[in-house]
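Asks: Pasting in a structure now, in structure tokens, and then I'll have a few things to ask.
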Number of protein chains: 2
Amino acid sequence: MNKCEQCIVRQFSSLKALTKDELVKMAECKTSYTIKKGEAIFEEGEVTNGIYCVKDGVCKMTKLSANGKDQIVKLIKAGELLGQRSMISDEPANLSAIALEDMEVCFIPKAEVMQFFNENNQFSMNVMKTICNDLKDADDQMVAMAQKTVKERLAETLLYLEDTFGKNTDGTLHIQLSREELAGMIGTATESCIRLLSEFNKNEYIELIGKKIAIKDRNKLKRLAD
Amino acid sequence: MNKCEQCIVRQFSSLKALTKDELVKMAECKTSYTIKKGEAIFEEGEVTNGIYCVKDGVCKMTKLSANGKDQIVKLIKAGELLGQRSMISDEPANLSAIALEDMEVCFIPKAEVMQFFNENNQFSMNVMKTICNDLKDADDQMVAMAQKTVKERLAETLLYLEDTFGKNTDGTLHIQLSREELAGMIGTATESCIRLLSEFNKNEYIELIGKKIAIKDRNKLKRLAD
DNA sequence: CTAAATCTATGACAAATATCATATAAATTA
DNA sequence: TAATTTATATGATATTTGTCATAGATTTAG
């Protein structure tokens, strides 16, 4: 059993407010999992009864829409927590969490989290601020979906992906998304997404290197995205 | 100065968790406002430094998008609180709150709210649950914007408006939205919204009575909305 | 009450986007 | 390795949606 106290990623989440004692307690009740790329941590409608702390890897939070397409609502990376909203609302998960890379996550049962919640004001405040931030992002994204064109949203998303997940030495986006997944993020058909990537490629805003994407002209993309 | 203790609408919000003493304290620090239809309670970017409790009336929460259109993110009615997210995040308002009818609202300064927050666990839990609910709604709405057609979103919205705000004796929706505002809710051009309303009218899903809208066939609308 | 402004409505057309078909490239499996 | 599946790419076309123009209806202001 690894000690939570020595786990670096906790510094990046609400958990940074926990005391040494609380961390020891958490280490005792947590369960560690390895999740393979493509596997679900949990799925929409599932009762989770706790939260997950992402130690390594990235996952997508998706929702299946009536037309059968998976909409990617957000991406979660190492250091972030999963399932906080469902836990607080006391509801089944509203979104599925699917690994985009091999992941390491720790599960912390609801009972313990709620105890930290009640005893540690800073922790609960941190969680609340995180959720408030998620709400702001969701509102903004909703407006983008409603008011921006697919082209604008693609430009915006490419910049977000580079800013959030960085790039490889060859300049390609570090995060590996299929065209279908990228389309699922911007809310469009896969073919439309591919077509616009080709267009961006021709215009030299980006470069397509096999399945990978390298951003060539941030400014032009930024201007496009508004 | 009216007593918060005797105010019925507090029962419908997170404030229901407050004790008698806390309510007395709140009554002493609150400010009451009358807001005329069309006026703003606060605007996007404004620092609010507190929350508003809606005593009467309905307002729209909007965000101005880059193309100059106002997207309506949500509607708030009597009994609900406004500005909680900004207060907790310690940020300027992300959305504008504009009265759709004449309103009565009470402003409660941040300092007092935060004190209740720290001293009354049930209250802070209520606020948190409300925000979690807002987050779920926002995520769902985002997916709807991305994946549903304008027609589906219009059908969905009409049902939501009847369910949430009720109807008049003649069957028309009680809430008064202009075609432009309705378009702003579903995220489309005003003309497209009007055109679809005409179509729904021809198909007898709804009836247009002047500027008012009456739902005639809930089932067909529901089937359309998915 | 009348004139002006605003809102609702509709036609004509343009632009954006989705769908279907098909080809090629890449990855996976037998 | 060959065969099969899956992912990417692109053309052709249909559908959806937006934009511009205009007209009538309603509301507002003088």
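Each residue, glycine too, has its Cβ placed from N, Cα and C.
Unlike curated records, TrEMBL annotations are generated automatically.
Annotated domain 'Cyclic nucleotide-binding' per TrEMBL: A:14-117, in sequence order. Here TrEMBL flags A:148-219 as domain 'HTH crp-type'.
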Asks: On average, what pLDDT score does this prediction assign to the domain 'HTH crp-type' (A:148-219)?
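Replies: Its mean pLDDT is 97.
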Asks: Sort the residues of the domain 'HTH crp-type' (A:148-219) into helix, strand and coil with DSSP and give the three counts.
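Replies: Residue counts in helix, strand and coil order: 39 helix, 11 strand, 22 coil.
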Asks: In the domain 'Cyclic nucleotide-binding' (A:14-117), how many residues does DSSP assign to helix, to strand and to coil?
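Replies: Tallying H, G and I as helix, E and B as strand, the rest coil: 28 helix, 41 strand, 35 coil.
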